[in-house]
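A.B. asks: Can you read through this structure? Questions will come right after.
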Amino acid sequence: MNYDRIYPCDFVNGPGCRVVLFVTGCLHKCEGCYNRSTWNARNGQLFTMNTVKELASHLSKSYIQGLTLTGGDPLYPQNREEISNLVSWVKARFPEKDIWLWTGYKFEDIKQLEMLKYVDVIIDGKYEKNLPTKKLWRGSDNQRLWSNTDGVWKHD
């Protein structure tokens with residue numbers, strides 16, 4: 001898996017101050033996408049143990065509320081194994097931090113993924129530039145916010 005960039009403290013991609021990992025690789029190629037440079041899975045840098053150490057260093061700070069995974073698409077097929085390993089490791093190492101994940105896939109098509117038990121919030125659905133929204137943390141009105149409470153997923 002490759003990644004485009006890491007924000008050590010971001011207030012846009014979820015609540016509070018968050019560490020944000022932008023992965024590369026996306027099949028959706030949404031018209032009007034803000035992160036077109038992340039579509040090609042070969043772009044960016046290789047995700048390595050040093051990347052995990054960098055994320056851990058940022059996540060260890062008390063003012064960090066959690067980790068946000070975006071891109072690209074964290075659930076791009078070639079990213080799934082690495083993302084699964086990452087979210088399980090983050091939950092074990094930093095159980096007090098929440099994990100938010102943005103994906104172009106609909107929740108109904110990914111709900112069977114084992115890794116989702118480690119994720120607290122999913123924003124699902126492709127970005128649709130013709131469906132503007134005022135909903136917090138969504139790029140378009142079709143996108144839904146799914147919350148995981150004790151293994152039960154509900155959307156707004």
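Glycine too: its Cβ is placed from the backbone N, Cα and C atoms.
Quantities reported herein were computed from a predicted structural model and do not represent experimental measurements.
As annotated in Swiss-Prot:
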type: BINDING; residues: C26, C30, C33; note: [4Fe-4S] cluster binding site
type: BINDING; residues: G32, C33, Y34, G72; note: S-adenosyl-L-methionine binding site
A.B. asks: For the binding-site residues listed here (G32, G72), which one has the lowest count of neighbouring CB atoms within 10 Å of its own CB?
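C.D. replies: Output over binding-site residues G32, G72: least Cβ neighbours within 10 Å is G32.
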A.B. asks: Inside 10 Å of the Cβ of C26 ([4Fe-4S] cluster binding site), count up the other Cβ atoms and send me the figure.
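C.D. replies: Neighbour count, Cβ to Cβ under the 10 Å cut-off: 24.
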A.B. asks: In Å, rounded, how far does the Cα of G72 (S-adenosyl-L-methionine binding site) sit from the Cα of C33 ([4Fe-4S] cluster binding site)?
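C.D. replies: With distance taken Cα to Cα, C33 ([4Fe-4S] cluster binding site) is 10 Å from G72 (S-adenosyl-L-methionine binding site).
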A.B. asks: If one measures from the C-alpha of C26 ([4Fe-4S] cluster binding site) to the C-alpha of Y34 (S-adenosyl-L-methionine binding site), what distance in angstrom results, rounded to a whole number?
C.D. replies: 13
A.B. asks: Starting from the Cβ centroid of G32, C33, Y34, G72, which together make up the recorded S-adenosyl-L-methionine site, report each further residue of the same chain whose Cβ lies within 8 Å of that point, ordered by sequence.
C.D. replies: C30, N35, R36, T38, W39, Y127, G139
A.B. asks: Suppose we draw a 10 Å sphere around the Cβ of Y34 (S-adenosyl-L-methionine binding site). How many other Cβ atoms does it contain, all chains included?
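C.D. replies: I get 10 for this one.
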A.B. asks: Quick one: give me the count of other CB atoms within 10 A of the CB of C33 ([4Fe-4S] cluster binding site).
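C.D. replies: Looking across every protein chain shown, the total is 18.
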